[in-house]
Amino acid sequence: MPMTITEKIFAEHIGREVKPGEIIMCDVDMTIGNDITTPISIRAFNESGAEKLAKPDNFAIVLDHFIPPKDIASANQAKINRDFAYKHDLKNFFDEKDMGIEHRLLPEKGLVIPGDVIIGADSHTCTHGALGAFSTGMGSTDIAFCMITGKSWFKIPESIKVVFKGERGEHVYGKDLILELIRRIGVDGALYKALEFTGEVIENLPMDDRMSLCNMAIEAGAKNGIVAYDKITEAFLEEVKKYNPLRSEPKIHYSDPDANYSQVIEIDVNKLEPLVAYPFLPSNGKPISQAVKDDIEIDQVYIGSCTNGTLSDLRIAAEILKGKRVHRRVRLIVTPATQRIYKQAEHEGILDILIDAGAVVANPTCGACLGGYMGILGDGERAVATTNRNFRGRMGSRSSEVYLSNSAVAAASAIAGKIADPRDL
């Protein structure tokens with residue numbers, strides 16, 4: 001029976017063919033928790049009477065949302081995680097000593113492998129599909145069950161094939177591809193579907209951008225986003241192996257040519273501009289030319305998050321900001337996604353460029369993205385952010401506004417004091 005890549009991953013795990021709509025129980029290759037969600041899982045784990053993790057080397061806790069802790073409550077959450085990690089001698093425990101946002105850190109650590117089934121107690125766990133894995137977010141109780149058994153249940157999703165055709169223009173990145181898709185299909189246009197990203201644009205899309213693309217699959221309601229293994233995946237893993245061993249060998253799957261899709265969406269990117277998603281939904285995408293005409297003044301620019309806090313994002317921002325100054329009315333906050341990215345940006349002189357331009361460079365953290373700290377918006381304030389959500393109150397006050405963009409638009413806007421087109425600089 002012809003199958004998609006997502007279906008093949010599940011079929012390989014349970015030893016037989018699967019079809020959409022079927023409910024299965026499946027071994028999980030990597031289970032992920034963070035400082036916010038894991039304490040609930042730990043409580044359920046302890047209440048179950050379990051004494052040890054089913055797969056300790058396949059379980060990771062990443063302290064990333066409020067690290068270093070912002071207050072007593074977040075410090076206590078971190079302590080619950082630390083105590084559990086030390087008690088169980090958890091190998092894959094990451095805190096201030098080796099910090100990063102989970103969805104960018106774990107691929108760096110060689111813990112995300114093509115062909116994996118991955119679950120995490122965070123909705124943006126779908127990021128890891130960029131490496132050809134099935135990866136999805138679940139609730140803390142589901143995570144606890146997997147901690148105890150090493151398994152989880154899944155309903156096999158139908159797949160939507162998204163074909164990006166043509167060639168990307170100047171300052172058009174993975175972020176713009178996913179914003180365009182969400183603009184077309186809406187925030188529930190892929191509800192419980194697997195979004196399979198294909199086409200000549202994807203074949204030439206760098207891994208950082210593929211991760212941005214898969215990261216926001218959930219913003220269309222998708223169960224997962226996925227890109228098939230290819231030379232770019234291989235090159236990424238070879239780079240990872242220079243500083244971390246891979247957890248296991250890749251298991252490579254490709255969709256059959258006659259696989260069944262619930263929908264095929266073709267997007268010609270030849271004329272696609274950088275996009276800006278207006279408040280209060282990621283689906284409110286508008287071309288940068290329209291945003292410039294709307295003359296939208298801003299108070300803050302935030303470059304970071306699991307979507308766009310990568311080294312390539314910092315390089316893009318530095319290229320635009322070099323020799324320039326942030327507008328006197330604007331705050332620019334830059335948050336590298338991992339400590340390795342931070343160190344490499346420092347090595348390349350990127351941090352000096354950003355600081356000289358007037359930016360604040362924060363430690364790796366989710367921080368302001370979820371309205372946590374390190375860049376919260378006040379009443380009536382307006383921000384351009386390279387994050388993934390712009391719901392009302394997402395980054396602070398309920399009367400604030402967040403406009404989502406790529407890093408080039410964000411950097412240009414920081415200079416102009418209003419939403420600006422980086423192609424005009």
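The chain as shown is numbered from 1 upward.
Each Cβ is built from the backbone N, Cα and C atoms, and glycine gets one as well.
Neighbour list (C369 ([4Fe-4S] cluster binding site), Cβ cut-off 8 Å, at least 6 residues apart, same chain): Y302, G304, S305, C306, A385, T387, N388, R389, R394, M395. According to Swiss-Prot, the feature [4Fe-4S] cluster binding site maps to C306, C366, C369, an assignment based on sequence analysis.
The record gives C306, C366, C369 for [4Fe-4S] cluster. Within 8 Å of the mean position of their Cβ atoms, the other Cβ atoms in that chain belong to D64, H65, I101, H124, G304, S305, T307, G309, T365, G367, L370, T387, N388.
Every protein chain considered, the tally of other Cβ atoms within 10 Å of the Cβ of C366 ([4Fe-4S] cluster binding site) stands at 29.
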